[in-house]
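Take a look at the structure set out below.
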Amino acid sequence: MKSSIPGVVITQFVNDVPQGCSTPDFEKKPLTLTLQEGKNAIFKAVVKGVPAPEVKWSRTLKSMDDPAKYEMSFNSDTNEFILQIKSLVLDDSDLYRCCAVNAYGEASCSAGLRIVQGRTGSSGLHRPRELKKTLLDSKKLLRKRVAAPKPKPLDKEAVWQLLLHADKRDYEKICMKYGIVDFRGMLRKLQEMKKDAESEQDKLIHSLKNFEHIKVDKEGNATFSLEMELKNSNSNVYLLKDGQRLRYGTGDEYRKHCLRRVGRRYCFTVNDVQPEDAGVYQVRVEDVPVFSTELDAQAIPARFRQPLSDVRCAEAGHAEFQCVLCTPCHEPLWLHKSHPLQASDKHQISVTPDGLTHKLIVRNVGPSDSGLYTLDAGQGSSSAWLLVEINFFPFLCAWSVPRCYLNKQLATVRVLKGDPAELSCTVSKDNVTGVWFKDGLKLTSMDGVIFEKKGLVHKLIINKAEDIHAGKYRFEGGDVKTEASIFVEDPPRVDKVLLKTSVPTVAKAGEGVKLQIPFEGRWPIRAAWLKDRMELGDDTRIRVDKTDTCTTLSISSCNRRDSGDYKVRLKNDSGVLEINLKLLVIDKPQPPAGPIKIVESSANNITIQWKPPKDDGGKPVQRYIVERQQVGRNDWETLGETPRSCTSFTTSIVEEEMSYYFRVRAMNAEGVSDALESGEVKAAGKASPGAPDPPEIISASRDTITISWTAPCKTGASQIMGYIVQKRKKGTVTWLPVTNVPVKDKKLKVTGLKKGVQYEFRVAAVNAAGTGQPSDPSEPAFARDPTKSLGQVRDLKVSSSDSTSVTLTWNKPEVQDGNDVKGYEVEMKPCNSLSWTKCFTLPAQSNSCRVQGLQAGEKLFLRVRALSDSGPGEASELQACAGAAPVVSPRLLIDDTVKSFLVIKAGNPIRVKIPFEGSPEPVVTWLKDGLSLPSRAAVSTEGGSSQLLLRAAEFSDSGTYTVELGDGLGKRETFSFQVQITDVPQPPGAVRLEENVPNTVTVTWDPSASEQWDKNLYYTVLKRESQKGLWHVLGDLIYNNKFTFTRVVPGRDYYFRVVAKNDLGASDPSETVQPWRIWKKKAEFRVKAQKYRGVNHNQPPRFLVPLKSHVVVTGSECHMSCAVGGHPPPKITWYKDSRDLSRDPNYFCTNDFGVCSLVVLGVTRQDEGEYMVEASNEVGRAFMAKWVINHLSPSGRLLGPVTFQLPLPESLSDSS
């Protein structure tokens, strides 16, 4: 069995899985990780199967016995099995295997873990220069932490279409993402594809230009556009995502996918993008691709299932923030007032193993901890306020946080037209008055819309959704705002009677037929009529019409071929509806099936026999009309009629030695069919004998054949004197006499025959009146040495029957001495008759047949015997009765258990069981690539199912297998499936290293022997830089036998390894024995110092921008800055009340190219005082001082302003 997920191997323990059960499989497999030493690794997998499988984790090189190191868990919310490996070390690099097992099978897959050596951080983070860099680059730091999601597997053609329309600067990124390593080959193929695409587009498009690739705006909507002028304005424009066609809206209604056309510009929009919307989008005109662009998962904003909420906390207490994401993020960034937070005793940061729930605990909070806290998850963030309640400063609550926040946001709703819809959100204050907006316009009143408020919940209720209600809605109340959309779906609809009716529409041949289906739904609706899975189009007889409310199929002059099952498919942007109809065209029957057989021709009567018509015209045959014409005359006379159950007629009105023509017509309620005419029939004379029965073959040798016969029933007026025996080669028309005189015995050994030639014989009786009518030819026989005749066919039985037919099945007899079966002869006789008649003109070639033209309840005997080159075998006989079983058309019962694509490991059995139904039992035929199955294949059909079995699969068994059902009336149904035989690939050949380009190494290797049978084989190249180091992947998904490594460092030893891979796993590696090294050349150079006398540019320090006094509020931040000049650059020292602040961690001092800053975080009354900055170098010193005042009134207002001017000198020189 093959999994839908690449890289997953499924092993089935039993031959047949019971109904309702299944083998395990992966819906999501663990991904290969590359992490830094000291981090935690998390593998996640989602499995399915009935009964629920058990999941086990293991690794290749070591066991996983340490529970503190390896933590295995299950998340019931996401159905994910999780393996967490804590505190990674270099020894944890390995291949980890996940296995899911139940009673019916096992599914397994592997994921790699690569550990890179961590870099030792320095304590210099607190230095002023590095602090500022950290503050400015915090966003960049975050984006590096969020791992890029693995791209979805794409069809190769989709990747090439993406490259065809991509910017050349993006070629390298796309090639690396989808594993294209041959860059030059890619450019050549793009040139060829561009020429082919332009030739196809010229058939439909005048001009195509100004492509704009997909972009996501701040509101979460993705747009892309192009300018296009169509040659036919009615040409269909399709939008596809990852190869699947999307429905999009073109009017004013709001939908998930929309098209806005302005002039020649086509602008496509994907509203409210979600992670599942990531993929490759393609625009097609009819079947011609015109533009492809990719929506990257990294560009989709993160979604919060539960955002952060504001927190109130008393001073010295613990404040806790928590939020839940919709998509995992294992290393987000917490910010406080735009400053990044690190895990410490003050700030405790935690995240659940699934990466969804994030928590921050601020311990022992103080006034400086109040403010805005933010969780930044890369493409999205959530913020909330922390309010620190201080007993003597309660007024800070008024300006610290918003008054209201959201407990529950609006959620997007999809609703059918006419059904009720509801939008609701929950706020934190019950006194909030909300306002609703639709598409940016304020809603005061709207038909069918009710605004409701119950406590904290605000609702917008639509009793009956219509097209005007579709759009983007926004709720605003107090300090909160939330948005969501309503999509109104209106799929095609028809009267329920049309969906339930099974009564066919009846029409007479030659008349016109008009089938009309009225419908409703959102316009435009495309209507298509299908018959036998083929769409009908307008021609000379058939016409398909469509209006806005109905579709009509008109047939001007119908005939019997128009009968059958019809399907009407109605489709619009909201869905597809199919209606099944039946049409029955009735007509006069076809002529009876011929040829007319002369059962008896004598002087007294002539008996003729025929077969029922193949098509009764849709009405049962009532009777047959028999007419006769005498040779030489022009008029026909009616001899009589026979009922529908009788297909033979005897007339006694004949003249001796007279020749006649006979014709038969079938008649039903609609009329009389055309006639079936016979050849010339001559009535025998009274004196000449009749025709004997055909001779039988007694024995044969290389040059003789012995035949025997019986005397005719009509001997004439005199005694039979002998017999004339004639022979002919099979396939010729000339009869040659065997003897010159009549043979008196009824047995003759014919000699002088040619070995290996097939002969036929006939006999005519001779009396005194002359030679009578010759017998029918005997069965053909070969002139060769006798072989053992065939035995009876085995297991002859009646598989099914109805009112007019019986179906027989049997197994071939045992074959010996190479005497193969050439066919089967089926004969029948009524219970009251002694003569057997052949049911078919030609021998049956299969092991079943259907005997038709019987009467209901008629009892008869049937016998079957096998035919071979040595003659007929022994007959097997049974009694049967035509019953009244219902006729069921053959139909294959294909469900989810029957796979259309099978991957089988070489040596394992191929067992495919196809259920079907049909009465009488249909004929089942198996084919491989349109031909008969190989002799090793065994097919068994019984109990309404047919099974194909090959006990040991070989590579030659790969191909397309087809099972075909037939009922003998021309109705057939087929089902095809692909079988691919594969195996774990064999290792590649010898690995060779060459330096074709300086400072590079080209790795070449002989192809694996498995390339001959595995089309999906690819190679992976690895390298390491020492004999005991770890192997690192250089290139994957390589489909040729060459790879060039460019980042070669001279002087290092490199070892290379090549592995062949396919869906079942990887081969053993082929490695280089000797290391590869590029010798590092040492360059010699000399430096001659020049004598230079410089100019003294030294200057004493001076203040370019003075320091200012500050008045601040308790708990806020104070920023002081000034600008200093001088050469050499002066050293800056800050003082508070003459105390050096250089080593005080509560103050941040920076000096960037002469701009000096001092930051005081969370100002308190202790921070009030005189601040002085000193600038000094080897030439002199300069001072500047100002005051910081922290002063509040009882009402919280400043008693100021207060300023001070300090009489300090600006600069002091050492020379002074």
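A Cβ is built for glycine as well, from the same backbone N, Cα and C atoms used for every other residue.
Residues or ranges marked as domain 'Ig-like' in TrEMBL: 24-114 (among others).
For 180-207, the entry in TrEMBL reads coiled coil. Here the coiled coil (180-207) has long-range neighbours at 159-160, 163-164, 171-172, 174, 227-232, 235, 264, 285-286, 288-290, 1035, 1037-1038, 1040, 1043, meaning same-chain residues at least 6 beyond its ends whose C-beta is under 8 angstroms from one of its own.
The domain 'Ig-like' feature in TrEMBL is assigned to 402-473 (among others). In the predicted structure, the domain 'Ig-like' (402-473) carries a mean pLDDT of 87.
Taken from TrEMBL, the feature domain 'Fibronectin type-III' covers 591-686 (among others).
What TrEMBL records for 691-786 (among others) is domain 'Fibronectin type-III'.
Same-chain residues lying 6+ beyond the ends of the region 'Disordered' (769-790) with a Cβ under 8 Å from its Cβ atoms: 601, 684-685, 687-697, 699-705, 707, 709, 712, 714, 716-718, 724, 726, 728, 730, 753-763, 813, 815-819, 821, 865-874. According to TrEMBL, the feature region 'Disordered' maps to 769-790.
What TrEMBL lists as domain 'Fibronectin type-III' is 792-887 (among others). Mapped onto DSSP helix, strand and coil, the domain 'Fibronectin type-III' (792-887) counts 0 helix, 47 strand, 49 coil.
DSSP places the residues of the domain 'Ig-like' (890-982) in helix, strand and coil in these numbers: 3 helix, 56 strand, 34 coil. Sequence annotations record features per position, and here TrEMBL assigns domain 'Ig-like' to 890-982 (among others).
Residues or ranges marked as domain 'Fibronectin type-III' in TrEMBL: 987-1081 (among others).
Residues or ranges marked as domain 'Ig-like' by TrEMBL: 1101-1177 (among others).
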Annotated stretches the domain 'Fibronectin type-III' (591-686) and the domain 'Fibronectin type-III' (792-887) touching (3 or more Cβ pairs under 8 Å): yes
Best-contacting stretch, by C-beta pairs under 8 Å, relative to the domain 'Ig-like' (24-114) and drawn from 402-473, 792-887, 987-1081: 987-1081
Secondary structure tally of the domain 'Fibronectin type-III' (691-786) (DSSP, helix then strand then coil): 0 helix, 38 strand, 58 coil
